[in-house]
Amino acid sequence: MATCAEILRSEFPEIDGQVFDYVTGVLHSGSADFESVDDLVEAVGELLQEVSGDSKDDAGIRAVCQRMYNTLRLAEPQSQGNSQVLLDAPIQLSKITENYDCGTKLPGLLKREQSSTVNAKKLEKAEARLKAKQEKRSEKDTLKTSNPLVLEEASASQAGSRKESRLESSGKNKSYDVRIENFDVSFGDRVLLAGADVNLAWGRRYGLVGRNGLGKTTLLKMLATRSLRVPAHISLLHVEQEVAEDDTPALQSVLESDSVREDLLRRERELSAHIAAGRVEGSEAAELAEIYAKLEEIEADKAPARASVILAGLGFTPKMQQQPTREFSGGWRMRLALARALFARPDLLLLDEPTNMLDVRAILWLENYLQTWPSTILVVSHDRNFLNAIAADIIHLHSQRLDGYRGDFETFIKSKQERLLNQQREYEAQQQYRQHIQVFIDRFRYNANRASQVQSKLKMLEKLPELKPVDKESEVVMKFPDGFEKFSPPILQLDEVDFYYDPKHVIFSRLSVSADLESRICVVGENGAGKSTMLKLLLGDLAPVRGIRHAHRNLKIGYFSQHHVEQLDLNVSAVELLARKFPGRPEEEYRHQLGRYGISGELAMRPVASLSGGQKSRVAFAQMTMPCPNFYILDEPTNHLDMETIEALGRALNNFRGGVILVSHDERFIRLVCRELWVCEGGGVTRVEGGFDQYRALLQEQFRREGFL
């Protein structure tokens, strides 16, 4: 029987070589995805119609596709040459093309010298349809999520294991460990990981750490979309997008995340309706009994209580649990997405900065809850205390690779320093040894009597492993300009202030607070207690209903909003952003200002939209400090910042000569900066004399009373 390639050549003798290669590639690599001739027609039919011109109609194209489909099906049992082959290592196409001088150019990227007979747009559409079909198939076995993930620029390549592939295809792979070896991850033209390995043992809790912009979030997305090969029998959930707005009550939304329970209950209702109508069959009665047994096995009757406990821990009151999801803000819907993931209990839970959406109380509850988590967790977090509480292992992303460490974050810091020290010693020792041998070679290179010894030394050098110098991460330095004159109190105060949006729901009653240029005030409290509202009253953005706001005439406030990204123009570069905000200054001044916060070189010229969350925050800091304020009001400034930048921010605030009031949920950052702790609750603000230790103890006691501990 003719092969697919022979069929194409005979039916389309004028076919362009590039199109021929593309079509045969689709046929061989996607043969397993073609369940019928319709699938094959959908994948390549439009292209073949374009190639044929007027020589074949739709029926003719379909007949050709039918022949090729039959060939593929018959070739499946014995074919070796046309099946997919797992590579021993990733292949970089750019490296391959460097070796060819024949002038071949990639389609769609370079203009061809000769004209093509194929419509490029149709070629792209065909590729997109095939890719969408493959992605849809790979996602069938994942748990239900509120929204699909979309990756437009990220890509991955991975060396395959024939043994693991055979186990997976045979259905005999029962391990819940995730082992991915020798893989690359790129974002656009940037290589984020090269030849990396990741091993996630079943039941372990992993913290993924690294500097902003290195690819932590991209790695999670690659795992979530199975662009990196995760065994199909392992269920996974990635908490990334907030729950959709609709009329579903919050509690019901959480219950629906358990697809197994929902499917059993739906089938149970159908069978019960048949029985009630007297239309039951013998097999249905047996099926109903089996469903009841499965529901009992998964403790379906206890599910509402378990979902309610999770929601309560994340701050949802009984009343809020019955509210439709459309009535919640984006932050609360993100909490709801986290609650759904915790309730569904996937085999692999992927969390990206889960503490960003939570207040201190909810973070402490989540720490306690995750410590008894039965399956595997991989969490990206820059909250040092949170990682110390929940992580049993740390994965460090740096220098385009992943290094694993046993223990919590503090253990990781010590182990990393020891590893770097040992690597540096080993490198220096080898350099000295190499130099010693090289001196001998140089001295006796032209001495005939020593020729054999020189050759021996040269072979020794060749056999030495090539050690690279230790790649040390640069220190993060931040500095807030403070070239201003000090002035005497009162600086900023609220006196007997009442505030509300609706008289039925008073937020503050008789609020009196004050701050000066020596203040380092940290504000904590549950979400919705009024923390951000109080900051806006201090800023003067909101006017008190009653009472007085007093601000010194020389006071110049710099404000950092927790929604700072919404205030940035994402379509321009960071340099252009500052130039529009503060026109008339030389470009070097904008670059210098951005460089203070780690946005330098090509980063400063890239569109802000292409920067990571932490890099966007740094741009916002550069913009905020450009006018040289003497007082800062910061609302969740550590969100999206890496740990090194958080430490640098804390040091910069401590060295700043002006005043600071900030809202934060990051325990370490609060301890680093705070001299005074305010708690927003019950329509007022309470000063906690014992600082964060006292506040944490109060929350733990509250958990015990409520039965969370």
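Residue numbers in this text run from 1 along the chain shown.
Here the Cβ of each residue, glycine as well, is placed from N, Cα and C on the backbone.
For A2, the entry in Swiss-Prot reads N-acetylalanine. Among the features that Swiss-Prot reports, phosphoserine is placed at S83, S155, S157, S161, S283, with the record citing similarity to another entry. Look at Swiss-Prot and you will find 129-143, 161-171 tagged as compositional bias 'Basic and acidic residues'. The region 'Disordered' annotation in Swiss-Prot covers 129-171. Per Swiss-Prot, domain 'ABC transporter 1' is recorded for 178-424, and the stated evidence type is sequence analysis. The annotation domain 'ABC transporter 2' is assigned in Swiss-Prot to 492-707 on the grounds of sequence analysis. Residues annotated as ATP 2 binding site in Swiss-Prot: G525, E526, N527, G528, A529, G530, K531, S532.
Here the features listed in Swiss-Prot are placed on the structure.
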residue : record             : contacts (Cβ under 8 Å, 6+ apart)
A2      : N-acetylalanine    : S10, R67, T71
S283    : phosphoserine      : none
G525    : ATP 2 binding site : D359, K531, V679, C680, E681
E526    : ATP 2 binding site : G315, D359, R361, A362, C680, E681
N527    : ATP 2 binding site : G315, G331, W332, L358, D359, A362
G528    : ATP 2 binding site : none
A529    : ATP 2 binding site : C680, E681
G530    : ATP 2 binding site : I507, F508, C680, G683
S532    : ATP 2 binding site : Q562, D635, V663
Other residues with Cβ within 8 Å of the Cβ centroid of G525, E526, N527, G528, A529, G530, K531, S532 at the ATP 2 site?
D359, T533, C680
Based on DSSP, name the secondary structure state of S532 (ATP 2 binding site): helix, strand or coil.
helix
10 Å Cβ neighbour count around K531 (ATP 2 binding site)?
22
